[in-house]
Each structure stands twice: as C-alpha cells, then as structure tokens.
Amino acid sequence: MSTEGSVARDWLRPERPDRPAIVDDAAERRRIKAELLIVFGITLGLSGARSLLSLLDSLLQPTPLNEQHVALNAPQAALNLIDLLAQLLGVVQLVGWGALGGYLLVRAGLRLTSVGLGWRGRDALWGAGLAALIGIPGLVLYFVGWKLGFNLAVAPSTLGDTWWRPVVLALSAFGNAFAEEMLVIGYLLTRLRQLGFRENSAVLAAAVLRGSYHLYQGFGGFVGNLVMGLVFGRVWQRTNRLWPLIVAHTLLDVVSFVGYSLLKGHVSFLP
C-alpha cells in the first residue's frame with residue numbers, strides 16, 4: 001500500500017490506541033455508563049434536549065424559520081452591573097462543566113495530559129489553522145442555510161455597547177470552547193474508548209451530540225456543528241491534542257461574537 005493510502009486509511013479508519021485500556025469489569029462498565037448519563041444529563045445532553053424542543057417550537061410558528069431570530073449572547077438584566085455579573089457567572093458555569101469532565105477522568109486514574117491538556121507552543125498555531133479550516137466553510141454553510149430557510153437568523157450578540165462587552169464575549173468564547181471540547185472530546189471519547197467503542201462510532205456519537213445542542217439555530221446549525229465535531233474528534237483521535245481544539249473553538253467564537261457586535265448595523269447582510 002502506498003504511503004498516501006496508508007495515511008488516508010489512518011485518518012478514515014484509525015486503530016484504537018492501547019491506552020486507556022478497555023474496561024472489562026461489568027460493575028465498572030455500569031458505573032461509567034451511569035456517569036455518562038449523569039454528566040450529560042446535567043450539561044450538554046440536557047442542552048441538546050432543550051435545543052430540540054426550541055427547534056420544534058420554531059417550526060410550529062407561522063413565521064418562516066429564516067425570519068425568526070435567536071441570540072447567542074443576550075442581556076440577562078436591565079442594570080449593567082448585574083448583567084455583567086450574570087454574564088460572568090455563565091462563563092464560570094461553562095468552565096465548571098469542562099472541569100467536571102477533567103476531574104472525573106483524574107478520579108478514574110487518568111492524567112489530563114493523556115487527553116491532550118499539556119500545553120505545547122505549536123498548539124496555538126494548530127488552533128489557528130483549524131479555526132480557518134472550519135470557520136470559512138461554516139460561515140458559508142450558515143448563510144446558505146439561512147437564505148434557503150433552514151436556519152434561524154442567528155445574532156451572536158445582542159449585548160449593549162458597554163465597556164465590558166468585548167471582555168465578556170471573549171471570556172464566553174473561551175468558556176464555550178473549554179466546556180465543549182473538554183466534555184465532548186476529551187471526556188466522552190476517552191470514556192467511549194474505555195467501553196470498547198470503535199473510533200469511528202465514537203467520533204460519530206460525539207459529533208451528533210455536538211450538533212444536537214445547536215439545533216435551536218436550525219438544521220444548518222446541526223449539520224455545521226456535526227461536521228465540526230467529526231473534524232475535531234478525528235484530529236484529537238489522531239494527535240491526542242486537546243488544546244488546539246480549544247484554541248480553534250475560542251477563535252471561532254471570538255470572531256463571531258465580537259466581530260458581529262462591531263459590524264452589526266454597518267454590514268447589510270448580517271441578520
């Protein structure tokens with residue numbers, strides 16, 4: 001087999017690594033499954049269920065999907081100071097979700113470096129490259145889906161023009177990135193390896209989960225994040241590096257959140 005064919009096979013059908021070992025003990029396997037249900041039942045799995053209900057509600061409205069609006073970062077209080085504190089608490093919650101996944105892996109005897117949380121200098125460059133790879137096609141997919149009526153009009157931010165808005169949006173971007181990549185990639189894929197899932201089955205399950213909690217944006221939001229999940233999951237499976245994914249996700253959200261707040265009202269095609 002040619003070198004090119006071997007590389008393609010390794011990316012399309014990667015072999016499961018030796019570590020972490022598959023858990024054979026029946027009681028331990030039940031504990032891992034229960035843990036997965038609990039963790040995602042209070043975090044992103046619950047968000048996915050709520051997102052599905054939100055989409056169903058939107059579909060039942062008389063207004064076409066692409067004429068309905070949804071905001072990703074909206075004010076949570078009338079008073080600026082209280083709104084700032086509420087936004088920061090949202091960031092703390094997201095970081096806490098990601099930390100929960102890391103804590104449970106450590107409690108299970110794994111090191112955070114084993115899921116790629118050891119920082120390397122080139123992680124930032126990798127992350128920037130991944131952000132460009134995902135961001136440009138993703139933006140095109142969103143606008144096409146919106147124009148065709150498959151997406152709601154998504155406003156990344158409707159926060160007021162305050163001094164703290166860029167800071168909060170950047171922190172929110174990191175919070176989203178850390179929670180999603182830590183839970184959906186580092187934690188979930190590691191647990192699925194311990195349960196003996198094939199690499200392709202595991203990455204598909206994680207990608208569907210990622211898409212599910214973006215359903216509130218419309219069908220395009222689901223498909224776009226499903227594809228992002230497949231790419232990010234496979235990159236992690238092949239490189240065992242988590243920080244590049246967190247960096248890429250943070251950059252994507254910073255550009256989306258902060259860029260939108262700066263361009264809104266100046267660019268006609270923005271919803």
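Every residue, even glycine, has its Cβ placed from backbone N, Cα and C.
Checking TrEMBL for transmembrane segment across the ranges 149-170, 215-236 points to 215-236. Residues 70, 97, 100-101, 104, 179-180, 183-184, 187-188, 191, 209, 212-216, 218 of the same chain lie 6+ residues outside the transmembrane segment (36-56) yet bring a C-beta within less than 8 angstroms of a C-beta in it. Stretch with the most C-beta contacts under 8 angstroms to the transmembrane segment (215-236), considering only 84-105, 125-146, 242-263: 125-146.
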